[in-house]
Amino acid sequence: MPPARGRRRAPNRRPGGPRKTGRPQDLVRRTAFDVIRAVETRDAYANLLLPARLRDRGLSGRDAALATELTYGTLRGRGTYDAVLALCSDRELRRIDGPLLDVLRLGAHQILGTRIPSHAAVGTAVDLARSVAGPGQAKFANAVLRKVAARDLDAWLQIVAPADADTTTRLSVAYSHPKWIVSSLRDAVGADEIEELLAADNARPRVTLVARPGQATVEELYEAGAEPAPYSPYAAVLTEGDPANIAAVREGRAAVQDEASQLVALALTEAPLDGRDELWADLCAGPGGKAGLLAAVAAQRDARLLASDVAPHRAGLVRRAVDDRTAVIAADGTAPAWRQGAFDRVIVDAPCTGLGALRRRPEARWRRGPEAIAELGPLQRGLLASALDAVRPGGVVAYVTCSPHLAETRVVVDDVLRGRDDVERLDAPSVLTSVAHDLTGLGNGPYAQFWPHRHGTDAMFLALLRRT
Ligand SMILES: C[S@@+](CC[C@H](N)C(=O)[O-])C[C@H]1O[C@@H](n2cnc3c(N)ncnc32)[C@H](O)[C@@H]1O
């Protein structure tokens, strides 16, 4: 591996914001850095902020792809990179200023997680350190990153995550997940599959589209360059290109939506029901992914959907995803604005830790600790209880989370049902297999659990409950 050389100061470098006339490569790294900082300092979401920054800075094609890879890779690998950096730095990481530490993480990712030659990775990171933290810190960054570059990732992993370490610690460092998440995921998936799951969380997710029935077809998406998706009858996979370049997506007839999200919504529409099937509700609808699909299916069946979310701006986003036949309101699902027993089908896609979507939101793993589980529990139980009251006897409720954590999934459902004798559990895996092609591996029922490593989807949980 060639040694990293000290870089000369680039002409016209300003210590502040990115230079408009800079080399694209500087702008690419600066853009990744700015998004990583915003995630760190103001709880920004990388998947929302990055596309806006790429647009503002005129980055497209390969430059946009590199900025995306650097941003997501650094956020994803932070746990592993911090363990390596801690061994390469004579300062404790917590004593390093936030911006400089983020430059070091970005540099470590380029060195250990990409094919960028080490000397270029170190050099560009040192330039960035000089720009955001000054010349003295650039020297420090150079010294640290040259040590990082002395080994490849496998060699570092043998040091920071040795085979004889305690399993949770080893997996936590090797797969860059906080220990509490490793433990929780192992409780949910089992010891045999935990490594595959953690590895899948670190893989780049495929972009899946939904062709909203009655508005677009998968054939239309194939013609636009998408490919068949394995499970959902309405899904297509986009292997390259920007979804916004597809007319059906631009016109709101199709959308980006994970296949498991599509299937849990479809399962609600197909769960067996006696009698009337006219009025459906989505109690946690924002920003409208599942509501968009439910509204499209409802229109074909002459049913109507009420889509509600407690956050007015999120209810506003739902409005854009549904047709005019759908009523959209901002309301607290635990304090119903509707009469009890009003609906035939209700979905509660409960607010949760999002541990099932770590592929798409890599920063989520660092954002909250295990206390989030306890904080969300009462709300999840309140929303499910309210949904069961909102559905008529014989009607069906889907309880959904984008987390496989047992305390957010089966424990919530079991707790709520323990207090009532008017609910029966339907076999969610059977209903899901009836709406999907070739779907297995969802568990033995009555609940269903999708997994990134088994299905290539988010780890979505589904319970289907019928009022008696
Ligand atoms: C997991 S997201 C829903 C995602 C949505 N179903 C979709 O497919 O796009 C959870 C939503 O619950 C909403 N929420 C949180 N507390 C709520 C409450 N008390 N009543 C209704 N909605 C609530 C949040 O604002 C958030 O939009």
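Positions of Cβ are set from backbone N, Cα and C atoms, glycine also.
Residues Cys284, Ala285, Gly286, Pro287, Gly288, Gly289, Lys290, Asp349 are recorded by TrEMBL as S-adenosyl-L-methionine binders, and the candidate that the same record lists for that site, out of Asp274, Asp302, Asp309, Asp332, is Asp309. For the binding-site residues Gly286, Gly288, Lys290, Asp349, a Cα-Cα cutoff of 10 angstroms around Cys402 (active site, nucleophile) retains Asp349. Asp349 (S-adenosyl-L-methionine binding site) falls within a strand when secondary structure is assigned with DSSP. Shown in sequence order, Asp282, Ala291, Ala307, Arg314, Leu317, Val318 are the same-chain residues outside Cys284, Ala285, Gly286, Pro287, Gly288, Gly289, Lys290, Asp309, Asp349 whose Cβ sits within 8 Å of the Cβ centre of the S-adenosyl-L-methionine site.
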